[in-house]
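Asks: So that we are looking at the same thing, I have put the structure below in structure tokens.
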Amino acid sequence: MKNVVIVDCLRTPMGRSKGGAFRHTRAEDLSAHLMKGILARNPQVNPSEIEDIYWGCVQQTLEQGFNVARNAALLAGLPIEIGAVTVNRLCGSSMQALHDGARAIMTGDAEICLIGGVEHMGHVPMNHGVDFHPGMSKHVAKAAGMMGLTAEMLGKLHGISREQQDEFAARSHARAHAATMEGRFKNEILPTEGHAADGTLFTLDHDEVIRPETTVEGLSQLRPVFDPANGTVTAGTSSALSDGASAMLIMSEEKANELGVTIRARIKGMAIAGCDPSIMGYGPVPATQKALKRAGLSIEDMDVIELNEAFAAQSLPCAKDLGLLDVMDEKVNLNGGAIALGHPLGCSGARISTTLINLMEAKDAKYGLATMCIGLGQGIATVFERP
């Protein structure tokens, strides 16, 4: 089996879904811009040597339908000989794209792959056209299809208080804002054209979803949004709605050495796990345990961790059961997370992996973990190693 390495990773800024900079920019354009951008940063790589493009996207309809990966590749002017497939594992789609591309390289079916994902939640909302089979109610609770209610359930089971959630959300915004002000996102963001409030074109070079004014006190005034009578999860402690795309250029270690490109990280372990759909947010725990076992490592070996923040009520139980609560400030979501940056579904897996790799470089870390929950009860995890 061949070693798989990441030679570059990049993302668009996260645009606000409601009236944000990308309100007139299509998902295919965000993707095509990123595909061109990551290849422009790596002139040693001949695009014609790319075997396949794996691109995550959840709502594969409207502008994101009919294989958005291929549409974007054609818009980007990439060689028509390159294949392209759109991958859907709900929230874990672009991390699944990474796993799919990595396995193709490991088995020798490819030398170079381009992976990533996109979601324009402003143009194609998460619940657009959703039609669950009526018979599902015989197998899972109806609320299992309502992500906010699964977060409520998970939080209650683990005794997560409203105050803990508000503190976690405020931390996310504060850290993301600090990372922006200190230029820590600069290397991972590809400036992208958008529209200002007055409709004029401009280049967005930062995430516009972050709310630096967020405080625990302000969050405490918000009403529960999913269970108004008895709940604790609010809009402020849920991942923001945003539009964005992410990309990673991966290849075999032998190919990277042949081309003389810098190896930024190596894939050390990968895993998927299922869990009860009613507490879908718990998926990162079993997925991480499997990935670490396959990598021959422990959670203590991880120097930096990106745990996708679907909800504060979901992230905190995962952090607790993974033994991370005491090392949050040293290791976990050091540049904030999806509560501040948003969670464009098909984009997020490669986005958190991109942020992780940049953090690993900044901290001269050896090992890193990226993991996330997935709707209807799954988790996905990837362990990375710096050379």
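Note that Cβ sites are derived from N, Cα and C of the backbone, with glycine treated the same way.
Here's the feature list from Swiss-Prot:
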- Cys91: active site, acyl-thioester intermediate (ACT_SITE)
- His343: active site, proton acceptor (ACT_SITE)
- Cys373: active site, proton acceptor (ACT_SITE)
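Map the listed features onto the structure and describe their local environment.
Replies: Neighbour list (Cys91 (active site, acyl-thioester intermediate), Cβ cut-off 8 Å, at least 6 residues apart, same chain): Val58, Asn308, Ala310, His343, Leu345, Ser348, Gly349, Met372, Cys373, Ile374, Gly375.
Taken residue by residue with DSSP, His343 (active site, proton acceptor) is part of neither helix nor strand, so it is coil.
Neighbour density for Cys373 (active site, proton acceptor): within 10 A of its CB lie 32 other CB atoms from the protein chains shown. A strand conformation is recorded for Cys373 (active site, proton acceptor) in the three-state DSSP classification.
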Asks: Within 10 Å of the Cβ of His343 (active site, proton acceptor), how many other Cβ atoms can be counted across all chains shown?
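Replies: Around His343 (active site, proton acceptor), other Cβ atoms within 10 Å: 28.
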